[in-house]
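Swiss-Prot annotations:
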- 1-6: topological domain 'Cytoplasmic' (TOPO_DOM)
- 7-29: transmembrane segment (TRANSMEM)
- 30-335: topological domain 'Periplasmic' (TOPO_DOM)
- 336-353: transmembrane segment (TRANSMEM)
- 354-359: topological domain 'Cytoplasmic' (TOPO_DOM)
- 360-379: transmembrane segment (TRANSMEM)
- 380-388: topological domain 'Periplasmic' (TOPO_DOM)
- 389-411: transmembrane segment (TRANSMEM)
- 412-430: topological domain 'Cytoplasmic' (TOPO_DOM)
- 431-453: transmembrane segment (TRANSMEM)
- 454-467: topological domain 'Periplasmic' (TOPO_DOM)
- 468-490: transmembrane segment (TRANSMEM)
- 491-848: topological domain 'Cytoplasmic' (TOPO_DOM)
- 849-871: transmembrane segment (TRANSMEM)
- 872-890: topological domain 'Periplasmic' (TOPO_DOM)
- 891-913: transmembrane segment (TRANSMEM)
- 914-943: topological domain 'Cytoplasmic' (TOPO_DOM)
- 944-966: transmembrane segment (TRANSMEM)
- 967-980: topological domain 'Periplasmic' (TOPO_DOM)
- 981-1003: transmembrane segment (TRANSMEM)
- 1004-1021: topological domain 'Cytoplasmic' (TOPO_DOM)
Amino acid sequence: MKFFALFIYRPVATILLSVAITLCGILGFRMLPVAPLPQVDFPVIMVSASLPGASPETMASSVATPLERSLGRIAGVSEMTSSSSLGSTRIILQFDFDRDINGAARDVQAAINAAQSLLPSGMPSRPTYRKANPSDAPIMILTLTSDTYSQGELYDFASTQLAPTISQIDGVGDVDVGGSSLPAVRVGLTPQALFNQGVSLDDVRTAISNANVRKPQGALEDGTHRWQIQTNDELKTAAEYQPLIIHYNNGGAVRLGDVATVTDSVQDVRNAGMTNAKPAILLMIRKLPEANIIQTVDSIRAKLPELQETIPAAIDLQIAQDRSPTIRASLEEVEQTLIISVALVILVVFLFLRSGRATIIPAVAVPVSLIGTFAAMYLCGFSLNNLSLMALTIATGFVVDDAIVVLENIARHLEAGMKPLQAALQGTREVGFTVLSMSLSLVAVFLPLLLMGGLPGRLLREFAVTLSVAIGISLLVSLTLTPMMCGWMLKASKPREQKRLRGFGRMLVALQQGYGKSLKWVLNHTRLVGVVLLGTIALNISIPKTFFPEQDTGVLMGGIQADQSISFQAMRGKLQDFMKIIRDDPAVDNVTGFTGGSRVSSGMMFITLKPRDERSETAQQIIDRLRVKLAKEPGANLFLMAVQDIRVGGRQSNASYQYTLLSDDLAALREWEPKIRKKLATLPELADVNSDQQDNGAEMNLVYDRDTMARLGIDVQAANSLLNNAFGQRQISTIYQPMNQYKVVMEVDPRYTQDISALEKMFVINNEGKAIPLSYFAKWQPANAPLSVNHQGLSAASTISFNLPTGKSLSDASAAIDRAMTQLGVPSTVRGSFAGTAQVFQETMNSQVILIIAAIATVYIVLGILYESYVHPLTILSTLPSAGVGALLALELFNAPFSLIALIGIMLLIGIVKKNAIMMVDFALEAQRHGNLTPQEAIFQACLLRFRPIMMTTLAALFGALPLVLSGGDGSELRQPLEITIVGGLVMSQLLTLYTTPVVYLFFDRLRLRFSRKPKQTVTE
């Protein structure tokens, strides 16, 4: 009583307290960062190593395995995967959430150093690492195009000047430059000319290497001067290499130009990048795991004018893709929805109270509670994201509830003739415990969420804390500011209502009277209502499930898979064909893509869609339409998926979800993977089924006759060196320039390597100086070979990726895969498990029931403590089954799967619908204790007295959530499952709990009386 009086009779202090809360909230709002979702990125580090010309199996055994053994000992590694392809190995380390990325990076460098002695000596450089997840979609893609500069020169500008500068920007984790390679001098040898001159490929390599050296020459001094010695020991361009003497034949000089074509070109000619049908160099920028995407993009954009000045004017630097516009639009949509929700909630209050003066009070309480929450969000290190803003939108209906309960009770005393200050004090005292019970029990719902681990826990923590803080501030405001404003603003007389609102008032009175009559009948037929309640509890609704709603971020990512033996020239043609099909789609704004490098048979595409207001289809509908057109393209497949704000795991795949096969027996894995993949491809629950196992590449298998080699004076080292020199794009020398280092690349001229007959033209110089054709001591035949070798941990692995067809959920796909694996009878040597997002989905589904039970148990404990009763909390919790059924029916009606967002809605319903029961039970207990009423009379009176605030609070929550259900702008697919569950649950529970709660109350009261009828014991001294 004194607590309430302190604020009611000191209006200045109360107002200033509220102003202070509001000012702190405004300051916090201005400093809050903006993001699509809470920070939930796993710390990921990518280790890269190269050995040009080495086969995938060689890279896996000699490079990947030693590194994996060393890296696997690092603390906090939750997953380690690797992929080895031609001349390249990439190892992805995913760490626990609480692992500091910088500390992990130091451990990774130490592990690389420890494994260095076990790696091949021929590696051109030490393994390197990057603090970025390669499976994440780039946050921005920049393109360089020019009509005057070559692709190699553009790549040089991009990798030498732009990429290092961008990498230094706060938040940038990796800048991947694609579309070509660094400039180089390429030496294309003519086999017949070499044979005619008696020159071996090793002779050419040695001559070039010896002719281009960079060594210190020292200095000369006399008594007064010092001269630095400088020589022309370096060759920089193709024109300088052309006249180089590499051999003497019969006294005549054999120059490089006599046996080779020397050109200024690039290190790897098997690379191509394009943007909208034009050759381009791509800079794909990824953020650090802990970085804020909006701040990082803004920093990059601010740097672009400076970057443009560092490159020639003839080079066009453009932004081909930017993830931030749709994120900003989505957040703006939520902010607008929040404002609409506040307006609708205040309108509900006005319609019920029919007094402008009374409506001002909750109209002040709502913004104070919401704005004050921003201060706590800033102190907790949160951001303005879709989930935190959704929490505030939902909180609109909650924070007004407390003010409504207090205001309505005070208004009832005023209408009865009590003086304003006395009514404020008496009314607040009567409902203070009710408001406290509602708020604490609502906050209690979120305690299990705060204790939840893993990605779901991280994802939901900001939502739970934001909503809890808003409810806490609302509780404070409703017990301080609201009664003070009621005491000083409201009048003792019954307010005059406007004529146009009298109809609503009469309707409300009629509704209350009708409810009273129906409630009397219900209380006389409690068994029938009990059967209805039990039937609701027993109702089982089967609904599809998924991890996270499929978002439309306006960006698509596509992976190209062609025949594994395809040539680079053919693959480049496929890329161009696919890009044309996509570019012609009316919903597409921009297309970029690249292919080549160590994976000639694959490529990547990034597609930017037009803004939502310029297209009528969702991203998934566009994918479905394009899938039909792309299927007509022979010889290759393009798998499209919508880029999501959440992607789990470090695997790069061509689809959204992954199923990984592991085995310690590589042969068994290669035998069963095609069988499993083909089986999964037939399932209607899956789409775009593909695999990262590429073991059907074309290989030319050479078998040496060692006896013949020994007789001819040739060793294996010389033969292998021949093949590497001829076909390995061997980097044989380095050209040093002020800004970068470039390579001299030697190979047989591509004109002479169009078919396997090129091997017949190869020869080795033996120890007697004679040219011995390769065919003298080797036989060859075509065979299949792996284009990549994949590991997870230290086991051989193959990942099958898939998307979901329209109308199918992740739970459908998961169940179908489990059935298929059982039907196939896969041996125990091959183990299958979901990976990435699908794995988190499995873990989340297993914990959902426990989470809901924990929330209900927590609420029961809190209510039991508040009411000092085991029974009354059960009465209050009896409202939950109808709400849960209503939520699931609503999801079924809107064809929405049960996702993590829908789970939040269920948790919220646990907190929302029990408010009705709390108000009824609270007043019924008070009437029984002090009004000498029977339980039936008490609960009947409580239901009638609390009918208006129950309707007000329920409609406030309903209208607070309604704008999110009806919104269709950016990010709506993320928000709607939450609101659908809340609206469906509220409608169903409102229809039932007004009748079932009194029945349950009377049932437990009779039960209590039955067990309390015990003979009294006498105590004797």
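Glycine is treated like the rest: Cβ placed from N, Cα and C.
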Would you kindly list the residues that approach the transmembrane segment (336-353) from elsewhere in its chain, counting only those six or more residues past its ends and only Cβ-Cβ distances under 8 Å?
359, 362-363, 366-367, 370, 389, 392-393, 396-397, 400, 404, 407-408, 411, 495, 501, 504, 508, 948, 951-952, 955-956, 959-964, 967, 975
Run the contact check on the transmembrane segment (849-871) against the transmembrane segment (431-453): 3 or more C-beta pairs under 8 Å, excluding pairs closer than 6 in sequence.
yes
Using a Cβ cut-off under 8 Å, which residues of the same chain at least 6 positions beyond either end of the transmembrane segment (468-490) come close to it?
3-4, 7-8, 10-11, 14-15, 17-18, 21, 357-358, 360-362, 364-365, 368-370, 372-373, 376-377, 391-392, 395, 398-403, 405-407, 410-411, 414, 420-421, 423-425, 427-428, 432, 435-436, 439, 442-443, 446
Give me the DSSP three-state residue breakdown of the topological domain 'Cytoplasmic' (354-359), ordered helix, strand, coil.
4 helix, 0 strand, 2 coil
Cβ-Cβ under 8 Å with the transmembrane segment (944-966): same-chain residues at least 6 beyond its ends:
334, 337, 340-341, 344-345, 347-349, 352, 390, 393-394, 396-398, 400-401, 404-405, 408-409, 412, 508, 511-512, 515-516, 519, 912, 915-916, 919-920, 923, 972, 975-976, 978-980, 982-983, 986-987, 990, 994
For the topological domain 'Cytoplasmic' (914-943), would you mind checking the mean pLDDT of the predicted model?
81
Could you give the residue numbers and ranges of same-chain residues that sit at least 6 residues beyond the transmembrane segment (891-913) on either side and whose C-beta is under 8 angstroms from one of its C-beta atoms?
394, 397-398, 441-446, 449, 456, 459-460, 463, 467, 541, 543-549, 807, 809-811, 844, 848, 851-852, 855-856, 859, 879-880, 882-884, 957, 974-982, 984-986, 989, 993
Are there residues at least 6 beyond the ends of the topological domain 'Periplasmic' (380-388) whose Cβ is under 8 Å from a Cβ of it, and what are they?
29, 32-39, 292, 330-331, 334, 459-460, 462-463, 465-466, 971, 974-975
So if I exclude everything within five residues of the ends of the topological domain 'Periplasmic' (872-890), which remaining residues of that chain have a CB under 8 angstroms from its CBs? That is, six or more out.
441, 533, 536-537, 539, 541, 543, 856, 859-860, 863-864, 898, 902, 905-906, 909-910, 912-914, 916-918, 921, 925, 980-989, 991-993, 996-997, 1000-1001, 1004
Would you list the DSSP helix, strand and coil counts for the residues of the topological domain 'Periplasmic' (454-467)?
14 helix, 0 strand, 0 coil
